[in-house]
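S.K.: Structure incoming, see below.
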């Protein structure tokens with residue numbers, strides 16, 4: 001049937017039941033093999049919308065050219081703030097089942113960022129290898145960062161579900177192999193495999209939430225995801241410490257198998273996404289940005305590898321470390337330049353960096369997450385190294401932080417849904433985080449525990465405002481067809497900021513402590529048990545030195561947060577407006593895997 005025969009008018013229109021068409025404000029809707037909701041984001045001026053703007057032709061579903069879409073979007077944006085009508089198709093899902101399954105999957109992937117931190121001494125002792133133990137955590141973070149740029153591209157080529165299943169498979173496989181590891185090298189390699197899946201899961205869950213929810217109600221669900229993410233990062237050291245003290249450290253990884261299996265089964269059965277035309281292998285070879293992907297991943301790994309080696313050895317002028325940093329930086333710059341001119345689906349789409357608002361959002365998210373990961377990593381270290389807490393008690397003392405973060409992540413999602421604007425929330429979050437980091441500068445070795453716990457909640461209060469709004473703002477800045485790429489790009493830049501933050505914090509801490517002890521690096525590596533066994537006079541000196549090193553870290557964080565706050569002024573405010581209309585459910589026997597059909 002010709003697509004031109006399917007247009008109806010909302011005002012005084014006649015419904016053609018035989019053709020199975022519905023119409024809203026002149027926008028013709030087709031029945032598909034999957035139930036969906038039409039979500040329209042109306043503009044200030046009405047424009048004629050073709051049927052292909054709503055349901056693309058089957059032969060062109062996967063020919064998404066980010067550059068063309070973003071160029072048209074930028075031209076329209078320059079003429080008016082919201083001068084075009086963006087259409088989003090929303091599949092019907094049982095949100096009471098799908099959302100908890102996605103949350104559990106995200107929680108497990110996020111948990112593995114920090115769950116090993118309190119178990120590192122035990123694992124190192126078991127394998128009799130302390131020199132490589134830091135790579136247990138670094139391997140996961142490096143692999144997670146490396147896979148993020150490719151997630152959005154693979155989603156547009158293969159579809160969300162297939163990519164999600166692949167990522168879950170790698171995460172579960174890596175978890176099983178980590179639990180069965182017999183030496184340190186085995187464990188580190190398997191942590192990298194686990195990280196490939198974990199990084200993809202974290203990005204994909206956010207992408208899928210944006211696919212199954214309209215923009216105006218999305219903050220509520222995204223707020224729940226942000227709560228799960230923040231809670232996992234804070235709960236990781238507690239759970240890891242408890243497992244190590246009650247049973248073997250191997251259950252830190254084995255625990256993912258039954259939990260992940262349940263979540264995967266629910267996702268397979270209950271998650272419904274819009275049909276996706278499968279691309280041919282020939283078309284995949286023609287459109288995928290292989291050069292950009294290889295350069296980005298290699299560049300990231302080399303940069304973080306160089307920073308990590310420099311931090312652990314303290315010898316930044318070594319030839320190998322300088323080569324890692326220089327070559328990695330050159331590859332990353334080359335990838336960005338290449339993606340600016342390539343006609344393929346770029347791994348780092350230039351429009352996200354050329355658009356002033358989206359570039360500011362990327363900077364805002366990166367600076368915040370750099371501080372958040374430093375905070376989440378070094379506050380438990382303060383409790384252990386200076387206050388003498390064991391891993392469990394250190395986690396207990398961070399419970400107020402976790403409670404504040406979870407409460408405000410959820411609350412901000414609901415407020416954002418009601419308010420319809422994200423910029424005021426970002427301002428509140430950044431101001432609170434700058435104040436919280438500034439207050440932490442006053443903490444020393446003798447500060448009362450209640451005061452320390454109170455000051456830490458100030459930063460966590462602000463953090464609750466900064467997980468979700470930048471993501472929603474990024475999605476609102478571009479058309480729905482670019483949502484997956486926008487989400488993946490923000491997640492990649494944000495996570496990379498966190499990875500760099502942890503490494504820079506390690507550099508600051510090691511350098512400060514080493515200088516205080518005349519170049520002796522031993523004191524920077526002491527565990528809380530070893531500190532408590534030192535002679536009283538030396539113990540006091542070591543703790544004061546640690547407190548001084550932490551103070552330098554908090555000063556660094558405060559400066560970075562202030563720079564991030566300046567980037568907010570370049571973010572463009574957009575109202576989150578959407579209208580939804582249900583379309584008849586799919587017929588019996590229809591499959592979600594089939595592409596949309598004309599009727």
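The backbone N, Cα and C atoms fix where each Cβ goes, and this holds for glycine too.
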S.K.: Checking feature assignment: transmembrane segment per Swiss-Prot, candidates 65-85, 359-379. Which range matches?
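M.R.: Here Swiss-Prot associates transmembrane segment with the stretch 359-379.
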S.K.: Out of 97-117, 517-537, which range is noted as transmembrane segment by Swiss-Prot?
M.R.: 97-117
S.K.: Tell me which of 321-341, 573-593 corresponds to the transmembrane segment entry in Swiss-Prot.
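M.R.: In Swiss-Prot, residues 321-341 carry the label transmembrane segment.
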S.K.: Using a Cβ distance cut-off of under 8 Å, indicate which of 162-182, 192-212, 223-243, 452-472 has the most pairs with the transmembrane segment (489-509).
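M.R.: Per the Cβ under 8 Å count, 192-212.
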S.K.: Are there residues at least six beyond either end of the transmembrane segment (223-243) with Cβ under 8 Å to its Cβ atoms? List them, or say none.
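M.R.: Distant contacts of the transmembrane segment (223-243): 99, 102-103, 106-108, 110-119, 202, 205-206, 209, 249, 251-252, 255, 373, 376, 380, 390-392, 394-396, 398-399, 401-402, 405-406, 409-414, 416, 463-464, 467-468.
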